[in-house]
Amino acid sequence: MKNLVLDNRFVHELPGDPNPSPDVRQVHGACYSRVMPTPVSAPHLIAWSPEVAALLGFDESDVRSPEFAAVFAGNALMPGMEPYAACYGGHQFGNWAGQLGDGRAITLGEAVTTRGDGHTGRWELQLKGAGPTPYSRHADGRAVLRSSIREFLCSEAMHHLGVPTTRALCLVGTGEKVVRDMFYDGRPKAEPGAVVCRVAPSFIRFGNFEIFTSRGDEALLTRLVDFTIARDFPELGGEPATRRAEWFCKVCERTARMIAQWMRVGFVHGVMNTDNMSILGLTIDYGPYGWIDNFDPGWTPNTTDAGGKRYRFGNQPHIAHWNLLQLANALYPVFGAAEPLHEGLDLYARVFDEENRRMLAAKLGFEAFGDEDATLVETLHALLTRAEVDMTIFFRGLASLDLEAPSIDPLRDAFYSAEKAAVAEPEMNSWLAAYTKRTKQERTPGDQRRVRMNAVNPRFVLRNYLAQEAIDAAEQGEYALVSELLDVMRHPYDEQPGRERFAARRPDWARNRAGCSMLSCSS
């Protein structure tokens, strides 16, 4: 198997925990703790991403070698790997939670890659489920196959949808059982274990900065800020104050663009705590996430959030801004002034508004989003919610609407209830007439309009029930559906004849099934 070129700047340039013990503890004055992955009994490759493997320089023979499974299950290290778990805190459901840290994620190192054109990349390789760390609290540091499949598939599905995200190299089974109480209801059971190798330029989170501010460690906070800028934002220069202000604006801008993309494809993160917010504006930590089936701005897949629905679909833009405010509060001791932080927060609002308008225009096939279009969108969203209409199928079908004879007929497959469709039909036809009138103002040829809309409205998304079907099969040792689902999600905007079933709306059996309509943080 090919070796990687590793340049582990995080552990070389920032202070680490001098205590080598993996015992759970509060870690002070350090950005990380060195820790070894815990070996497993029978590592075996379940699935892998060809694109991420190629990004790192691995070919298929590398990936299918026993050495590959051993390394990415945590049983062996490649030359130059220096495993560690990061120290961070976070606000969880709006409240400060103190030290959290990588409780079952272990970073192996930073791989440096060079493309044929000379462009270099830096990729942190992180194992999720590789055993206990000083930050594991009361947990075992392991992950179950169920949650690992969901993380692996969604990481790659989001990338191919065009949403900023961490990636996934591979999914490796451990041959061991992990005990989990899926809904914390006193009914634990043993489930198959697995390890996912996550890949990103950086796994630094908002919480990495918050922990040092909460402890009054301004010196280490400053070091981490300047390190992050130097490694992850090398294009920024100038005096420290200027560079830091530009950096915070970049973080706010990237976060805004990410959230707009979530809203475009109907993704609900489910647990937008500040420790789950990437400093690079990447979607990170795929836990109790879900995809909008029937359009509902008030829906959240996370049972832990079922009461307050803090992280519901329609509230995600607001929560991202709130999280950036917590980051701004954490950074204030370094900045020493509120103005550049306020500028970043204001920038988030402006960029999100611009990106959201651009996204809405694209989904509807408009060149630009005018102020008069807001009413059209508000009316549509209210109608989709009341009539229980599938978001993905509706917008995909809208591209094929006959503008000379607009009718609800080609959109009927998007309705979950025939009764609600019948009730909504007059109002829907009225909206379609208004939409047709607005669309004709564009003077865009029908074929061109269809191609443009189909490039932003996916045919395939990782619906919760599809992931659950793959999980059910994998738990019986059948992994073919995981691989097929990955392949489908690699081409979400293509028609893919013969794979229509992967574009079907949620079946009735999945409406209230665990893993399909409701999920927990148990993993």
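Just so you know, glycine gets a Cβ as well, placed from its N, Cα and C.
Per Swiss-Prot, the features are as follows:
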{"type": "ACT_SITE", "residues": "Asp275", "note": "active site, proton acceptor"}
{"type": "BINDING", "residues": "Gly101, Gly103, Arg104, Lys128, Asp140, Gly141, Arg198, Arg205, Asp285", "note": "ATP binding site"}
{"type": "BINDING", "residues": "Asn276, Asp285", "note": "Mg(2+) binding site"}
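Feature map: Swiss-Prot annotations on the structure.
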residue	record	DSSP (3 states)
Gly101	ATP binding site	coil
Asp140	ATP binding site	coil
Arg198	ATP binding site	strand
Asp275	active site, proton acceptor	helix
Asp285	ATP binding site	coil
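In this view, Arg104 (ATP binding site) is surrounded by 21 other Cβ atoms within 10 Å of its Cβ, with every protein chain counted. The two recorded residues the residue listed as 'active site, proton acceptor' and Gly101 (ATP binding site) have their Cα atoms spaced 8 Å from each other.
Of all residue pairs in the ATP-binding list (Gly101, Gly103, Arg104, Lys128, Asp140, Gly141, Arg198, Arg205, Asp285), the one with the greatest Cα separation is 22 Å apart. Counting every protein chain shown, the number of other Cβ atoms lying within 10 Å of the Cβ of Asp140 (ATP binding site) is 16. The two recorded residues, Gly101 (ATP binding site) and Asn276 (Mg(2+) binding site), show a Cα separation of 11 Å. Put simply, of the binding-site residues Arg104, Arg198, Asp285, the one whose Cα is nearest the Cα of Asn276 (Mg(2+) binding site) is Asp285. For Asp285 (ATP binding site), the same-chain residues lying six or more positions away in sequence with a CB closer than 8 A to its CB are Val271, Asn276. Other C-beta atoms found within 10 angstroms of the C-beta of Arg198 (ATP binding site) number 24, with every protein chain shown included. Cβ contacts within 10 Å of Asn276 (Mg(2+) binding site), excluding its own Cβ and spanning all protein chains shown: 22.
Its Cβ taken as reference, Gly101 (ATP binding site) is surrounded by 25 other Cβ atoms within 10 Å in the chains shown.
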